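Peer 1: First the structure, then my questions, so here it is.
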C-alpha cells in the first residue's frame, strides 16, 4: 500500500470518526471506498474492487454515501468534488445521484446528526468548546499518523 493511500485511509477513517452517531457503519462504509482513491482523477473504468464497493454502498449503505456527498468540505479536504465522486459511480455503471439522498425512503444524513448544543452566554464559552473539540480531533489525527509511521 502506498504512503498516499495509507494517509488517505487514515484521513477517511478520521472523517468517519467525526460522524459520531453512526460511527461503526460510517467507518466501515468509508474504508470500503479506499480502493477507489486512485481512480478518482482518471477517465477510465475503475478497478473491479472499486466498482463493487460503490455498488454495495449504494445498495446497503446509502446513508453513508449521502453523508459523504452532502457534508460541506468533507470531499474538498481531499481535493475531490461531488461531481468527481458521482462521475466515478457513473464510470462503474452505478446510476445514482444526489436525488437518491432525498428520495422517499432514503434516510437523510442530516437527520442522524445530534442537535447543536445550546449557545453559551458569551463568546468565551463558545471558544472554550471549540478549543476542546480541536484538541480531541488533533489527538486522533496525531495518533493515526503515528500508528502509520511507527
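Backbone N, Cα and C atoms are what each Cβ position is placed from, and that goes for glycine too.
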Peer 1: Of 80-102, 103-125, which range does Swiss-Prot call region 'Disordered'?
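Peer 2: Based on what Swiss-Prot states, region 'Disordered' spans 103-125.
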Peer 1: Can you tell which of the recorded positions 36, 41, 50, 64, 66 lies nearest to residue 79 (N-linked glycosylation site) in space, using Cα positions?
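Peer 2: Going through 36, 41, 50, 64, 66 one by one, the Cα closest to that of residue 79 (N-linked glycosylation site) is 41.
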Peer 1: Do me a favour and check the Cα-Cα span between residue 101 (disulfide bond) and residue 50 (disulfide bond); whole Å is fine.
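Peer 2: Distance (Cα to Cα, whole Å): 21 Å.
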Peer 1: If I take the Cα of residue 64 (disulfide bond) as reference, which of the recorded positions 29, 50, 51, 93 has the closest Cα?
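Peer 2: When the Cα distances are compared, 29 comes out closest.
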